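Encoded as structure tokens, the structure appears first; notes follow it.
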Amino acid sequence: GAGSEMLCSCPDALLCAVHWELVTRGYRCLGAGDRAGPDERKSELLPAGWQADPELYTLRYQAQDDSRELLLKAIMVDTSMILNVMDRSSLQVADVTLNVADYVDPAHLGDFHRAYKNMEELRTRIVSGIISPFKTDKEKDNNKESKPERTVPTTPRDYDPLRIPPRQPPLSREPPWPSPLGPFAVGGEDLDPFGGRRGGMIADPRRSGYPVPGIDPSSGLPSRLPPGAVPPGARFDPFGPPGSGAAGPNPDHLPPPGYDDMFM
């Protein structure tokens, strides 16, 4: 990727590998130096003069879709090359340090196929160090394989005694749960003796939604009430004590509010 120029040092060879990895990841080189020169255009080749300073390499790259422009600076410190990359629009910075001797064989610089070693490790460090940090969340999601959602089987350990039971019990009628979408229905059942609405404010065990056998509204009367005297679904207290099979509290257990007569 250096055109007709000959590689003359191990740092040059390592920078060529970094350059080629950027090119294969969708970037093109704009030129050398911090500022743009005349008649610049995106290219897969290294620009002229990229080897001018053997201690500091400065190159500018731009994505093929012009989504971002990167400023690459490679600084030589002893036998290591420090790669520092900055996104010129967001000023985000990423860096990685590479030991030149780990990836370049100085005895075979003239042979491309033998000049590099540990290429997979080098590629991984370049991508994770100075390429992946600048990917958007959308680009990262596109690289992930779609994984099926893991379903957690229901086990006895998942049982919660405080959880509301299922709304549709097996082989039973669904109870008339009040609708959470009607905030003004509170107390509506207290005004509707026919039970057309839900949301009463008075706790009544006989209105729990399930039929309670054994309640006779004619209890305590000499004769039975005529049919229709008590509308279906109306809240009605019998005239006498309820039958032995009735559920709920007995109204005779507690005196009326404010009643304090020990002789009654």
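Even glycines carry a Cβ here, placed using N, Cα and C.
As recorded in TrEMBL, the features of this protein are as follows:
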type	residues	note
COMPBIAS	135-150	compositional bias 'Basic and acidic residues'
COMPBIAS	163-181	compositional bias 'Pro residues'
DOMAIN	11-140	domain 'PI31 proteasome regulator N-terminal'
REGION	133-182	region 'Disordered'
REGION	197-264	region 'Disordered'
Take every residue in the domain 'PI31 proteasome regulator N-terminal' (11-140), average their pLDDT values, and give the whole-number result.
92
For the domain 'PI31 proteasome regulator N-terminal' (11-140), what are the DSSP-based totals of helix, strand and coil residues?
45 helix, 41 strand, 44 coil
